[in-house]
Amino acid sequence: MRPPLILASSSPYRRELLERLRLPFEIVVPAIDETPAPGESPDQTALRLARQKAEKVAAAHAGALVIGSDQVATLDGKQVGKPGDHARALAQLHWMRGRTVTFHSALCLYDGRTGQHQSEDVRTLATFRSLSDEELDAYLHLEHPYDVAGSAKSEGLGIALLERVESPDPTALVGLPLIALTTMLRNVHYPLFA
């Protein structure tokens with residue numbers, strides 16, 4: 001019998017990705033502080049937040065397998081967060097155009113049966129096109145990507161902002177690396193094809 005599988009996320013994009021695996025799961029939204037710690041590298045931030053999300057939900061769901069995930073984008077050593085509004089999104093896109101941004105998509109699978117966890121940071125390099133101010137503004141008015149790191153919803157129209165993507169996992173850029181996740185699930189003998 002499969003243990004319960006829980007996605008610790010409020011992200012509709014992560015939910016849609018997990019649905020691709022056709023596994024039964026539920027969603028529980030973790031309430032954690034997502035502020036980067038002083039001196040923390042972007043990959044450390046993403047890994048810490050993914051683990052905190054999984055552990056927070058696992059504490060209330062004994063015996064479950066809990067998936068935590070977080071994504072941090074970086075350029076010039078600085079974290080590129082969720083813009084929140086049009087003006088900040090436009091500023092982000094101006095800064096990133098013609099440049100390569102690193103997206104750290106961290107994943108943590110917490111096994112509530114054993115208290116063990118597996119973590120991985122899947123890095124994606126996304127090179128942005130050198131688009132005009134008018135094109136960037138039009139994109140923002142059409143897509144409203146104010147809730148995603150880097151203002152680029154690659155699962156939608158945001159893919160047109162990108163010139164090149166390099167990643168070991170094509171789902172990592174959207175925020176839930178499914179290749180890494182299925183490897184972790186196999187490691188705990190969770191049946192993927194049952």
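Cβ coordinates come from backbone N, Cα and C, glycine included.
According to Swiss-Prot:
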type: ACT_SITE; residues: Asp70; note: active site, proton acceptor
type: SITE; residues: Tyr13; note: site 'Important for substrate specificity'
type: SITE; residues: Gln71; note: site 'Important for substrate specificity'
type: SITE; residues: Glu155; note: site 'Important for substrate specificity'
Within 10 Å of the Cβ of Gln71 (site 'Important for substrate specificity'), how many other Cβ atoms are there?
-> 30
Can you figure out which of Asp70, Gln71, Glu155 (the recorded positions) comes closest in space to Tyr13 (site 'Important for substrate specificity'), comparing Cα atoms?
-> Glu155
Quick one: among the recorded positions Asp70, Glu155, which has the most Cβ atoms sitting within 10 Å of its own Cβ?
-> Asp70
Look up Glu155 (site 'Important for substrate specificity') in the DSSP assignment and report helix, strand or coil.
-> coil
Take the Cβ of Tyr13 (site 'Important for substrate specificity') and count every other Cβ within 10 Å, whichever protein chain it belongs to.
-> 19
